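Annotated features in TrEMBL:
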type	residues	note
TRANSMEM	55-76	transmembrane segment
TRANSMEM	88-109	transmembrane segment
TRANSMEM	115-137	transmembrane segment
TRANSMEM	176-199	transmembrane segment
TRANSMEM	211-230	transmembrane segment
TRANSMEM	267-291	transmembrane segment
TRANSMEM	303-322	transmembrane segment
TRANSMEM	334-354	transmembrane segment
TRANSMEM	366-384	transmembrane segment
TRANSMEM	430-451	transmembrane segment
């Protein structure tokens, strides 16, 4: 049933169509700063605290979204570790996202672009929240599958080594993450195909885009509602006495930061992923803006391009998973492969600053981008989550996935604002790619060479044991050998 929810929460509505509708309304409401007429092939600006380009305003909307998510994840994130907070945060965020997307049915004129901006921000924020708090369930699920329980029992009886047990749990985390991502992409494909049943016969209807967004949203509602009632009750620890929901997140975050020396690889990964997610998410936003302009905001063309993305995304999830099972590669190896193409996409966009032959100026490049994004970036999201789960102390998933939410979604508070300023200053959308290429390359380099997942996993388990004691989900044997070896190296 958890796969069904993720199948519906595929992002077609809040991440694709909402953004296209919003940018379309911006363009219709804008004007050419040279001629003063409606936007054509030249620059397009709109008044928002002064004249700003449409691309800049779209990036500002993303920046506002990420700023609000920052406050939310830091304030509420840790609450998900206690009682049934995770369940209710997920339910409430989902319902609000549904309402915001249905709200676009009331947006029919370009003069309503501010309302469109508000609905886009609300739907995008709540969509981001659903992804983070749904993903935070995976580590707990991985520790409670029958395969992991059997392996943990064998470890306790001395029938397997700690390394063998860790491999079993690592593979279970990857299986859940990768297959869930594949199910999300299956939902992406099905939703886009169903949308063609509206887009083709109603192509001349001025409301067809609004109807299509509502239809996509309804697909999520149908698959998401059963999860509300059928999900198993996996309660966290009791809420600490004397604590308040509004302050416990900040206290735990500051407390976690104070433990940087005990969890160095966890925090190095969080900082590096902050930069990497900032680069990738903002690169996607800038390419999306350029792509929407190139296809003239056509939902039909957007659907075809995203079908290419969704199909290759689904295929790549299974291919990466079967390669990992066959070669028995650790999570980081697969994640590094996806990082190479994260850097490459930004590099390709940067080339467009100096030539029109490549660099997202041509139709074939947007097909190329969507195929490449599907092949390598869908596994990127799956393995990024698994890397985080491996470096998270058991029992602290809500707190650390809250921090991960900040780095993953909210990191783009930096990128959109920097790129917005660059584009406003230069008047050229492609100039932003220089910053994004450097950002992605720096972050990927840190992850490749400075994050030791094996040691980081041992430190995370040791941290959990020291803070909360032994329980049915962790064993001292998992960390003794690694930490004793590390201590001997330090003493020598």
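Yeah, the Cβs are placed from backbone N, Cα and C, and that goes for glycine too.
Counting only same-chain residues 6+ beyond the ends of the transmembrane segment (303-322), those with a CB under 8 A from a CB of the stretch are 12, 16, 174-175, 178-179, 181-182, 185-186, 188-189, 192-193, 195-196, 199, 291, 295, 334, 366-367, 370-371, 373-379, 382-383. Within its own chain, the transmembrane segment (88-109) is flanked in space by residues 9, 13-14, 18, 21, 25, 76, 79-80, 115-116, 119-120, 122-123, 126-127, 129-130, 133-134, 206-207, 210-211, 213-214, 216-217, 220-221, 224, 228, which lie at least six positions past its ends and keep a Cβ under 8 Å from the stretch. Across 55-76, 176-199, 267-291, 334-354, 430-451, stretch 176-199 shows the highest tally of CB pairs under 8 A with the transmembrane segment (211-230). Three or more CB pairs closer than 8 A are found between the transmembrane segment (366-384) and the transmembrane segment (267-291), so contact between the two stretches is assigned (pairs 6 or more residues apart). Among the listed stretches 55-76, 176-199, 267-291, 430-451, the one sharing the most Cβ pairs under 8 Å with the transmembrane segment (334-354) is 430-451. Comparing 55-76, 176-199, 430-451 for CB pairs under 8 angstroms to the transmembrane segment (267-291), the maximum falls on 430-451. Remote same-chain residues near the transmembrane segment (55-76) are listed as 19, 22-23, 26, 46, 48, 85, 89, 117, 120-121, 124-125, 128-129, 132, 245-246, 249-250, 253, 282, 285-286, 289, 402-403, 405-406, 409-413, 416-417, 419-420, 423-424, 429 (criterion: CB distance under 8 Å, separation of at least six residues from the stretch ends).
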